[in-house]
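J.: Just dropping this structure here.
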Amino acid sequence: MLTYETWEENDISFSEEDETKGALSVLSWAYKEYENEIVYACSFGVEGMVLLHLINQVNPSAKVVFLDTNVHFQETYELIQKVRERFPSLNIIEKQPKLTLDEQAKLHGNKLWESNPNLCCKIRKILPLEESLANEKAWISGLRREQSETRKHTKFINQDHRFQSIKVCPLIHWTWKEVWRYVYKHSLPYNPLHDIGYPSIGCEKCTLPVGEGGDSRDGRWAGKVKTECGLHYQ
């Protein structure tokens, strides 16, 4: 088994000639390699809808973790329920932070997402994912190279130094148009916020719509240097 500890620059290759540009082959390999020791960390963005559909074909009882920060859009929570109905055998876990919002405010002040967004992300996303990955050998992410400068070198199989794990990224070669084409073709549910200018959807407090021609990550932590929550830093 390929693990963080046994990592070597591997020569594992996947055909990119099918409709999924290698994604289905990558997922088939991942679930064969790690069996029940792999989890998909899903934010329920539009890429997530594609991956859930593909994962359901490969492993209908796969583990899926959603980092419930308690400050997501209501539309996101409603979408999760629709996904549960569409893929009832998937094991969707809504992972909560250890601190409630009130407890966080007492310790760090009100609106931590404004005063110290990095700390807020650490408490409500990074630490919960660390806990979720503690007993796993690998995790799946919906990163695409096209999304941003920080993601353009992502590979199918990555040694993830942040979480000391193997990170599997099946959609690296997909474009934004290809993601939507797949969603429409398979009549997949998706967050209606995408239809009103939100290409990337995170917490309600830190996500704004993006103007025409803007980068897909422009609406995240708008007005701040921050462009990533920290889950994908190496």
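Each residue, glycine too, has its Cβ placed from N, Cα and C.
Per Swiss-Prot, [4Fe-4S] cluster binding site is recorded for CYS120, CYS121, CYS203, CYS206, and the stated evidence type is sequence analysis. Taken from Swiss-Prot, the feature active site, nucleophile applies to CYS229, supported by sequence analysis.
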J.: With DSSP assignments reduced to helix, strand and coil, which class does CYS120 ([4Fe-4S] cluster binding site) get?
T.: helix
J.: Across all chains shown, how many C-beta atoms besides its own are within 10 angstroms of the C-beta of CYS203 ([4Fe-4S] cluster binding site)?
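T.: The Cβ of CYS203 ([4Fe-4S] cluster binding site) has 23 Cβ neighbours within 10 Å.
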J.: Select the most exposed residue of CYS120, CYS206, where exposure means the fewest other Cβ atoms within 10 Å, treating these as the binding-site residues.
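T.: Checked CYS120, CYS206; of these binding-site residues, fewest Cβ neighbours within 10 Å: CYS206.
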J.: Let's check the environment of CYS121 ([4Fe-4S] cluster binding site): how many other CB atoms sit within 10 Å of its CB?
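T.: Other Cβ atoms within 10 Å of CYS121 ([4Fe-4S] cluster binding site): 24.
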J.: Indicate whether CYS203 ([4Fe-4S] cluster binding site) is helix, strand or coil by DSSP.
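T.: Looking at the DSSP assignment, CYS203 ([4Fe-4S] cluster binding site) belongs to a strand.
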